[in-house]
Every structure is written in structure tokens, then in C-alpha cells.
Amino acid sequence: MLCTTISGPSFLEAKKQILRSLKECHCFEMRVDLLSVSCLELKKLMELAPISILAWKKPESCSQADWIDKMQSLAELNPNYLDLEKDFPEEDMIRIRQLHPQIKIIRSLHTSEHTDIIQLYAHMRSSAADYYKFAVSSSSTTDLLDICHQKRSLPENTTVVCLGGMGRPSRILSPILQNPFTYARSTGSSPVAPGQFSLKHHYFYNFASLSAQSPICALIGDTSRSIGHLTHNPFFSQLGVACPYIKLPLTPQELPKFFSTIRTQPFLGVSVTSPLKTAVLPFLDKQAPSVKASGSCNTLVIRQGEIEGHDTDGEGLFSVLMQHQIPLNNQRVAIIGAGGAAQSIATRLSRANCELLIFNRTKAHAEDLASRCQAKAFSLEELPLHRVSLIINCLPPSCTIPKAVAPCVVDINTIPKHSTFTQYARSQGSSIIYGHEMFTQQALLQFRLWFPTLSFKHLEKTFIRRAAVLASLFSIAP
């Protein structure tokens, strides 16, 4: 059940928050500790809410006697639910239950620490509560996934949410985790808890269609420069797929735990971005021919616990070049970089009868890639010395690239759309192909791997157009 947290602080602001949310949600958590309202005004707010939860977070300066009196007075307002913190005296909770048997009790714990929620639940379940809520901290994606895994072994009357920015995916996955309550803020209001989404955000991630049977798709790696969550979720919604696409920041050091965890979670597909495209290879159960050829993997397909790696980067860029009618036969093509994406692109173009030149900051890495693609290797500083018909930049925006021009320049970075490198090339008359074009083509290839039985040709133009618009919003060079 989607629940909007009402924080006011004034009566008028609280009323607006409720009225603004009524079409999207019917349950409202009144954070009485944040509201500056009278008892009569609180009653009026409750009358507006079809379902009400009253919660009052105990200040450190509050005595236990005053705390008990406060919660008893809130119970007398007859809410549908009353949230009592973990340390609220058990005997006083029982007294409230006896006096107000119609009220459902939520026993809650909020902590900024990473906690074993199974042990916590074992300790708290002796309490005569109807529901249990655990709001805990996660310091990493693997922590988050571990907590989600723990939640799946708890009864359906438990709500588990991870706080902060790292915990945001747990809020999106709430229906899949079978949380009885999913807490959100009214659209336009400030978050009450760290990482709290607005109602609008939850519906953007297809909240209404998600259930315990829904699969999960995600992006792993350095997710900071991706627009995938902004393009993929609307696409899945249009496709009628009850599946969220979430961003999971991940480092190479976290890969062993990540791969052991996703086998126990309902993951269907994973996009892999830098710096993990080669690091994931040892953890794959199967490698598609595209991965064996390039030595790079940007796509995971998970079926029945088996993880198969695919590579759609090279084919995605090749498709873009064909759409722009860029000649490759007997042409000299410069590839800047030697990482996963560069490997994929070089491998694909090595079959296009063109001469490949690999330029990289570390020349040894360029030489290694060149030896596998019948190419020539150079240091990055040598780029301006060579005349080529096409330059493909695969280095991140933070890298300084020597000024160079060619009839056509490709930058595979999606955001920012413009870089110092492409701006200079454009000023010298080069035709520029921006990263969002490769992004959409490689993503469409991923979708075909994840949803092989679905047809979505009719949605591709809208998907491509959306990516182009979003890339333009992040168009300023660093």
C-alpha cells in the first residue's frame, strides 16, 4: 500500500499535501512530531485521509512518561494505524490495544546503522503488534541487496526500507519485496526520511504494476552518468512489462558478493557499464559469442539462476554508423581508449574492412587491443599526427583529449552531450555523432535479449527521441 507522509508543518500545508495526493494514494502517515497543528486540526486532517497512520518520533529530551501520554492521546483520535517505536514500553502498548482494539499497531525501528533485520525481527516479534517496520542504513549496493534478501524470508506484515541515497532502490522494489507499506512524500514536498521518493517518482518506476512476481532490471558500475532509468522505465511501461529498471552503483571489489546475491533475487537483466565490462567476465556462467570475441560484456541475462553475458556495444555503434551512412570500407578509423566499450567497438569494426588505429593513455593497453583486432596502436598524444576519416572517442568526459579533427567524430558518452573535444571538432567542420545514439541502439539490443518474445518496433522511435531530449538537458561540457 502506497502511503504518503504528511509533514506540513502548518495545517494549510498539510491539507494541501493530502489533497494533492488523494488521486494517487489513499493511505496517509501523519508525522505528528513535524506538524504544528492543534488536536482539532489533526482530526480534520484525518477526516480527509481515507486511511490514516499516526506517528510521533520521540525527541531525546522527552521523558518516558510524556511519551506514553502522547501516544495514548493519539490513540484516542482513533486512527487506522498507530506507529509505536521499538522502545515504547510493551505493557503500555498492550494497554492501548485493550482500550482501542480497532487500531492496528505498527512496531517500528529507525536506525542509521546497518542492522541484521532477521535478528531484530526475532527480538521484536514477541511484541503484540500487527505490523513491523524496519528503516535501516545500507552503505553499499551489496549491503542493500543483502537486506532485500533478508526481507524475503520475513513475514508479509514486515516493511523494510533502506535509508539514504544508497537505499533508494529498496523503495522502488517495495512492492516486489511485499512490503505492506511503501512510504512516499507528497509531490512537491521535501523528503521526511533520507532518500524518500515522491509519489510521482514511485509511479515513474511503474509502482502500480509491480508485485512479488515482477522481475528486476538494473544498471551496475559507475551509474552517475547514465540516463537509463529515465528512458527504460517509461519504455517498460509502454511495453506493458511490470519491471523496474534501477541504478545500482557497484565497484569491482563488490562483484563476488553481487553475483552470489543476484542469483537469489528476481533479476532478469542487468546493464553493465564502466569500469565493470571486463571485470564481470570471471563471474559469468556462459559467454555469448559477442563476449568471447570482444572480451567485454555490457549485458547480463539471468534465467533460472544462470547468468549469461552478452555484448551489444559494438553492434549498437555499428548500427548508428550505418544509419548515418558513414563509409567504413577501406577507411582509416581512430578509436580513442582501450576499455570495455573500445574493445567491443574495435572487435565489431575489425570485420568492416577498415584500418583501425587504437590511441590510449597507456600505450600497452592499446597494443593489447590492437593485437586482437589487426589494428595499430599509438599513444594518445599521437592522435593529431594521423589523418583518419572517423574518430570514435571511448574515454570518459573527465579525460583530456588532444585536439583532432576528422570528417566524422563520434563520442560514445551520453552525458554531457557536448565535450571540449566534440566542441572543437565541430568548430573545425567535423560532423558529430553524439553518445545518446549508440546508447539507444545498444539498449534496444539488450531489450531483445531480456524480452525475446515481445515486439516493440512501434515504440523504438519514441524511445530514441526521449533519449535525445534527455541528453540535451545535460549538454554542458565539464
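Glycine too: its Cβ is placed from the backbone N, Cα and C atoms.
DSSP classifies HIS110 (active site, proton donor/acceptor) as strand under the three-state reduction. All protein chains included, HIS110 (active site, proton donor/acceptor) registers 15 other Cβ atoms within 10 Å of its own Cβ. The active site, proton donor/acceptor annotation in Swiss-Prot covers HIS110 and is backed by similarity to another entry.
Positions annotated as active site, proton acceptor by Swiss-Prot: LYS277. Within 10 Å of the Cβ of LYS277 (active site, proton acceptor) there are 26 other Cβ atoms, across all protein chains.
As annotated by Swiss-Prot, 3-dehydroquinate binding site applies to SER21, GLU29, MET30, ARG31, ALA55, TRP56, LYS57, ARG171, GLN196, with the evidence given as similarity to another entry. Within 10 Å of the C-beta atom of SER21 (3-dehydroquinate binding site) sit 27 other C-beta atoms, taking all shown protein chains into account.
The shikimate binding site annotation in Swiss-Prot covers SER226, ILE227, GLY228, ASN298, ASP313, GLN442 and rests on similarity to another entry. DSSP assigns GLN442 (shikimate binding site) to a helix in the three-state reduction. Contacts of GLN442 (shikimate binding site) defined by a Cβ separation under 8 A and a same-chain sequence distance of 6+ are given as ASN298, THR312, ASP313, GLU315, GLY316, LEU317, in order along the sequence.
Per Swiss-Prot, NADP(+) binding site is recorded for GLY337, ALA338, GLY339, GLY340, ALA341, ASN360, ARG361, THR362, GLY435. Look at ARG361 (NADP(+) binding site): DSSP puts it in coil. For ARG361 (NADP(+) binding site), the Cβ neighbour count at a 10 Å cut-off comes to 16, with all displayed protein chains included.
What Swiss-Prot lists as region '3-dehydroquinate dehydratase' is 1-208, and the listing cites a curator's inference.
As annotated by Swiss-Prot, region 'Shikimate 5-dehydrogenase' applies to 209-478, with the evidence given as a curator's inference.
When the binding-site residues MET30, ILE227 are compared by the number of other C-beta atoms lying within 10 angstroms of their own C-beta, ILE227 comes out lowest. When the recorded positions HIS110, GLY228, LYS277 are screened for a C-alpha within 10 angstroms of the C-alpha of ALA341 (NADP(+) binding site), the residues that qualify, in sequence order, are LYS277. Just so you know, of the binding-site residues SER226, ASN298, the Cβ with the fewest other Cβ atoms around it within 10 Å is the one at SER226. The local packing around GLY339 (NADP(+) binding site), expressed as other Cβ atoms within 10 Å of its Cβ over all shown chains, amounts to 18. Cβ neighbour count for GLY228 (shikimate binding site) (all protein chains, 10 Å cutoff from its Cβ): 22. Sequence-distant neighbours of ALA55 (3-dehydroquinate binding site) (same chain, 6+ apart, CB under 8 A from its CB) are GLU29, MET30, ARG31, VAL32, ASP33, ASP83, SER108.
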